[in-house]
């Protein structure tokens, strides 16, 4: 998450009891989307439909097949960010996870893994072919345009343990959805880390309420979403960046957000802020359609993750980036 300097303000304190009173959702005109409107980029493989339906801060351990699209991004052998599988060659993550000054060869991707200490027979390791950063990254906001497309050198082999997530329709209405986020971030404000993939159910919070909570100096752009469980203090934390925020609709999971920034961990008045996937949908689809696959090589299966014992926390200035 990110820590932006701002005051809560009187309106923020007045709003807090309202958030505790009942579950809060981003609401609009009630409208249901048929299952076919989910955007799949994976060909014949069904997206957003794990075979098994089943810790972030205060979260619970995730089962191996519950979130099969989850990705672990590593830098120099350490987990630094999460991500999600879009198709056999493409992963979606956060732009701030990639430093333009670092060599691409120092990054790699793991899929089919829930414990960072050890791989299993479903774990696959991939080198990165290229990373495409959204052109507005940090242009209008310190962490605005926080979206990255990662193309792999070889194709992911799909199974019950490794599957893509669906992209949402561009006109998706976020109303009464069951939304979850996953990741390997810190599990306590004191910096305690864990190796197990964690999950947390996070209610969506309307942007205008989120803006009041953060104050005017921590401005939110229309491309951003907010989510947190105000009652239980479940939230995203450092190391969760790039991981997906997914919501279930018509028995299919859709990715609506990318973990981006916030203020500390488990701060009851500061929800996690996510890049809104629907806002960037046309950009994502355009690049995945026009860019050819890299020269094909055999996928690399890992027997053990490379030195993946420590969660690496990225800090960008005074913005504590997840």
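Just so it is clear, glycine is given a Cβ too, placed from its N, Cα and C backbone atoms.
Quick caveat, the model's predicted, so the values are computed rather than measured.
Look at Swiss-Prot and you will find 96 (among others) tagged as active site, charge relay system, backed by similarity to another entry. DSSP classifies residue 96 (active site, charge relay system) as helix under the three-state reduction.
The secondary structure of residue 146 (active site, charge relay system), as reduced to three states from DSSP, is coil rather than helix or strand. The Cβ neighbour count for residue 146 (active site, charge relay system), using a 10 Å radius over every protein chain in view, is 31. Here Swiss-Prot flags 146 (among others) as active site, charge relay system, drawing on similarity to another entry.
DSSP assigns residue 241 (active site, charge relay system) to coil in the three-state reduction, outside any helix or strand. Residues or ranges marked as active site, charge relay system by Swiss-Prot on the basis of similarity to another entry: 241 (among others).
Residues or ranges marked as disulfide bond in Swiss-Prot (evidence: sequence analysis): 81-97 (among others). For the recorded site, residue 81 (disulfide bond), the DSSP three-state label reads strand.
Neighbour density for residue 247 (disulfide bond): within 10 A of its CB lie 23 other CB atoms from the protein chains shown. Annotated disulfide bond per Swiss-Prot: 179-247 (among others), in sequence order, evidence recorded as sequence analysis.
For the recorded site, residue 226 (disulfide bond), the DSSP three-state label reads strand. Every protein chain considered, the tally of other Cβ atoms within 10 Å of the Cβ of residue 226 (disulfide bond) stands at 26. The disulfide bond feature in Swiss-Prot is assigned to 210-226 (among others); the stated evidence is sequence analysis.
If you look up Swiss-Prot, you'll see 237-265 (among others) marked as disulfide bond.
According to Swiss-Prot, the feature domain 'Peptidase S1' maps to 56-289.
As annotated by Swiss-Prot, N-linked glycosylation site applies to 176 (among others), with the evidence given as sequence analysis. For the recorded site, residue 176 (N-linked glycosylation site), the DSSP three-state label reads coil.
Residues or ranges marked as N-linked glycosylation site by Swiss-Prot: 250 (among others). Reduced to three states, the DSSP call for residue 250 (N-linked glycosylation site) is coil.
What Swiss-Prot lists as N-linked glycosylation site is 276 (among others). In the structure as shown, the Cβ atom of residue 276 (N-linked glycosylation site) sits within 10 Å of 23 other Cβ atoms.
Per Swiss-Prot, the feature signal peptide maps to 1-28.
Cα distances from residue 146 (active site, charge relay system) to the recorded positions 81, 179, 247, 250, 265 are smallest for 81. Taking the disulfide-bonded residues 81, 179, 210, 265 in turn, the residue surrounded by the fewest other Cβ atoms inside 10 Å of its Cβ turns out to be 179. Put simply, 237 is the one of the recorded positions 237, 265, 276 whose Cα lies nearest to the Cα of residue 81 (disulfide bond).
In sequence order, 276 are the recorded positions from 96, 237, 276 with a C-alpha within 10 Å of the C-alpha of residue 226 (disulfide bond). With respect to Cβ neighbours within 10 Å, the disulfide-bonded residues 97, 237 differ, and 97 shows the lowest count.
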